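Asker: Straight out of TrEMBL:
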type	residues	note
BINDING	Pro476, Thr478, Arg483, Ser647, Thr648, Glu697	L-glutamate binding site
DOMAIN	393-762	domain 'Ionotropic glutamate receptor C-terminal'
DOMAIN	403-467	domain 'Ionotropic glutamate receptor L-glutamate and glycine-binding'
SITE	Ile626	site 'Crucial to convey clamshell closure to channel opening'
SITE	Lys653	site 'Interaction with the cone snail toxin Con-ikot-ikot'
TRANSMEM	521-541	transmembrane segment
TRANSMEM	597-619	transmembrane segment
TRANSMEM	729-750	transmembrane segment
Amino acid sequence: MFDQDQRTMDFQAGYQMAIHLNNEIRNRVRVRSQSIRLDLDDPYSVGSACCSLMSSGSLAVLSSHTMNTLSTLQSYSSTFKMPLISLNMPIEGEDTPSYQMYMTPHYIRAFLDVIHEHYGWNKVYYMYNTRAGLENYQQLLNLIRGFELDIRLIMLRVEDADDALNLLQKMDARVKEDKQIIMDLPTQECKYFLIERGLQEFTIPQIFANGGMNVTGFKLVNFQNYDVRNFLKNWQKEDPKAWIGLDKEKFADEVALAADAIHGVALALKRLQNSQPREFSRTLRDGKLFINGSLGIDCEAKTVAPWSYGDAVMNQLKAVKFRGLTGNVEFDAKGYRDNFSLGILEVTMQRGIAEVGNWSSSSNSPLTIHRNPILIRPRTTVKKKNDSYIVSSILASSILAKPYLTLKKGHEYLEGNDKYEGYCADLAKLIAEEINIKYKIVPVADKKYGGLNENGTWDGMVGELVRHESDLAIAPLTITSVRERVVEFSKPFMSLGISIMIKKNEKTSPGVFSFMYPLSYEIWMCVIFAYIGVSVVLFLVSRFSPYEWHIEDNTDGPTVTNNFTIFNSLWFSLGAFMQQGCDIEPRSMSGRIVGSVWWFFTLIVISSYTANLAAFLTVSRMQSPIESADDLAKQTEIKYGTLSGGSTEGFFKDSEIAVYEKMWAFMSADPSNSVSTNEEGVARVRRSRGRYAFLMESTTNDYINQRKPCDTMQQDATNSLKLPNVAGIFYILIAGLVLALAIAFLEFTYKSRAEAQRRKASFSNALRSKAKLSLTGKPERQSTADAYAPAAQLISLDGYAETNTHTEV
């Protein structure tokens, strides 16, 4: 069972990944899981979830608990003999049911040894804000009284992080002395639980930013351990889309505890399978629990029927012993962690985080302090000069997003800032060279830009800045009024808006002759036959009509001719169809009737073709029914979302415009509409086939649209006519030009041969003469015997060129 809070996503990811890694090992019992997300502080929800898991055949329940739900979990566990594995710390002195185990070591004794033996404190403030914190305070107080130690423990109840900061400032103003404070607060509200030095010299933000106080804490997971590094390697290489919460430099303790719990369950089941094979196979089938042939345990039955095999499972769970991610994993008879060790970490003004000692529960002298502390991470500030700090190295938070920051090819073999490239990497390098500082680029752990959570905390890069985990952020971070309340921005250098990314329609490339698509092939064939028929009819009526015949004078004398030969009839019909006309027109009534009906026919056909072509091109160029935010808001078939925690999401969330309010209501109704990274949003657009739109910054949208595979588009982008739509007409044009050149060459050759025969000259001379005439326009000089009058122009009796040689008969 996982809490429904978003902060437990990495915890759930570690649990699922541990099962995945366990099931890949040969000869290991395969573990199947069923997960439920709920409010772990609600006893009714927890009880219902327990019943649901037991009735579905679960053989153990893994969960965290709060003080409000601990008794509920214990009751169900003991009543039905269902093993319960809790990730929390046990409550010392309570009559613990025999069917409950705790993965978190009981470290209250370690608290006492550090503050008494190592620091020698005699006055300690204990700050808390939960019932669990109150229980820890009571256990620590009981230990102090039991050992009869002279330590005054003062209880401080706070409501939230702001209340804690205000209380610390009041304490500092009232009492000018060193103060030792144990801060038992949730990790999302305070990262420090044990503080040594006074607060009088600095304000609270300066303390946490510059190390004005000494901070001490415990370390459960040793990241130098081989098993831990191997798990972290698998943790980082898995696909973040499949495992939410992955790709972090380090994982939380809860992740390691969950992984060790799964490992322990697998070992216990393997030992049961070897020791009691018949009972094991009869009770556990296909990874599910069967009692008397029935699946699971019925919580709502009239008579309570506990699981008889639960004792054997619980005994094997308590008997497991192995080296896990949290060190030695071993349990005593009560289900508490036994023989465990904790590292003691300390942050001081003079150095960064260092391991100063360790505490072991199996030793007679559990506390060991190192002579030389082991430095884990140095401070970014090294010395103070003139009331200002000289920075030796700056942690620059950023986010992996093209083209701003990406990993280089072969980055596995590179170190430090050399692993990164992009605009932000270049900008950071130039700034560092300009002001002569050292820096280290660290991608943000949760892959978020920075959003305000419901509990008042910040995530992403803004959260790291607020918590002083980084010194600055170099990233495509949008400036918003909410973010400006907690962090400072540089001067803006780019203004942008919000645009819609949606996938292009997957359509086939238009054919070469797509310009013919507006009319069907039947119509085109009818037009061709009509063209031939009209030409033949025009030829016939011109032959039989006396008005189409006329007398024409030529060198052989007057001859009777008819302009509408079969080729001229075809030319006239083609010119009329192309809306161009030609030099000859019908003179007879019958010929003019043929021409008129053909003109009317071509007028209708061409007009219809033009209209259909415009409609066809318009439809083919319509890529999406979404062209604006109004289009998205008016429909529900296409889902849309934004980057979770980003400025775009904040814009819609805080907008008071009706359209945007409607869009936010749609997006917030289904949390799956939002994505954790821009890459995830783009990938979802590409695989959605037009059923998902991603709202993002216009500049990033434009950048992605111009990168391969070029299958996305921006809603306000223009769509021009592409070459494939009209390639056919170019092919026809080229073919016509080539055909014309070929015919011209044939005519040139034919006339040259005829001229050579007439002049009784060689064919080559005739070709040269014709070529000179074609290129220069001047004929080659010829002998008198070969001279002839050209037939192109006739000279009349009065000496003037005859321009009208047609005479009606």
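Any Cβ shown, glycine's included, is placed from N, Cα and C.
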Asker: Grab the L-glutamate binding residues from the record (Pro476, Thr478, Arg483, Ser647, Thr648, Glu697) and give me their largest CA-CA distance in Å.
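Answerer: In whole numbers, the farthest two Cα atoms are 17 Å apart.
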Asker: Could you state the whole-number distance in Å separating the C-alpha atoms of Thr478 (L-glutamate binding site) and Lys653 (site 'Interaction with the cone snail toxin Con-ikot-ikot')?
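Answerer: Distance between the two Cα atoms comes out at 15 Å.
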Asker: Near Arg483 (L-glutamate binding site), which residues of its chain come within a Cβ-Cβ distance under 8 Å, counting only those 6 or more away in sequence?
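Answerer: Once residues fewer than 6 apart are set aside, Arg483 (L-glutamate binding site) is near Gly450, Val462, Leu477, Phe489, Ser647.
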Asker: Other than Pro476, Thr478, Arg483, Ser647, Thr648, Glu697, which residues of the same chain sit close to L-glutamate? List them in sequence order, counting a residue when its Cβ is within 8 Å of the Cβ centroid of the site.
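Answerer: After dropping the recorded site residues, what remains is Tyr449, Leu477, Ile479, Thr480, Gly646.
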Asker: At the level of the C-alpha atoms, what whole-angstrom distance separates Ile626 (site 'Crucial to convey clamshell closure to channel opening') and Glu697 (L-glutamate binding site)?
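Answerer: That separation, Cα to Cα, works out to 17 Å.
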Asker: Write out the long-range same-chain contacts of Thr648 (L-glutamate binding site), meaning residues 6 or more apart in sequence whose Cβ is under 8 Å from its Cβ.
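Answerer: For Thr648 (L-glutamate binding site), the qualifying residues are Thr478, Ile498, Thr642, Leu695, Met696, Glu697.
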Asker: With DSSP helix as H/G/I and strand as E/B, how many residues of the domain 'Ionotropic glutamate receptor L-glutamate and glycine-binding' (403-467) fall in helix, strand and coil?
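Answerer: Across the domain 'Ionotropic glutamate receptor L-glutamate and glycine-binding' (403-467), the residues distribute as 27 helix, 12 strand, 26 coil.
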Asker: Kindly assign Thr648 (L-glutamate binding site) to one of the three DSSP-derived states: helix, strand or coil.
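Answerer: Reduced to three states, the DSSP call for Thr648 (L-glutamate binding site) is helix.
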Asker: Which secondary structure state does DSSP assign to Arg483 (L-glutamate binding site), in the simple three-class scheme?
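Answerer: Helix, per DSSP.
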Asker: Within the chain of Pro476 (L-glutamate binding site), which residues six or more apart in sequence place their C-beta under 8 angstroms from its C-beta?
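Answerer: When sequence neighbours closer than 6 are ignored, Pro476 (L-glutamate binding site) has Ile399, Ala401, Tyr404, Cys424, Glu697, Thr700 within Cβ distance under 8 Å.
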Asker: Around the Cβ of Lys653 (site 'Interaction with the cone snail toxin Con-ikot-ikot'), how many other Cβ atoms lie within 10 Å? Please give the count over every shown protein chain.
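Answerer: Counting Cβ neighbours of Lys653 (site 'Interaction with the cone snail toxin Con-ikot-ikot') within 10 Å gives 16.
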Asker: Using a 10 Å radius around its CB, how many other CB atoms surround Ile626 (site 'Crucial to convey clamshell closure to channel opening')?
Answerer: 18
Asker: Could you give the mean pLDDT over the domain 'Ionotropic glutamate receptor L-glutamate and glycine-binding' (403-467), rounded to a whole number?
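Answerer: Average per-residue pLDDT within the domain 'Ionotropic glutamate receptor L-glutamate and glycine-binding' (403-467): 86.
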Asker: If you draw a 10 Å sphere on the Cβ of Ser647 (L-glutamate binding site), how many other Cβ atoms land inside?
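Answerer: That number is 19.
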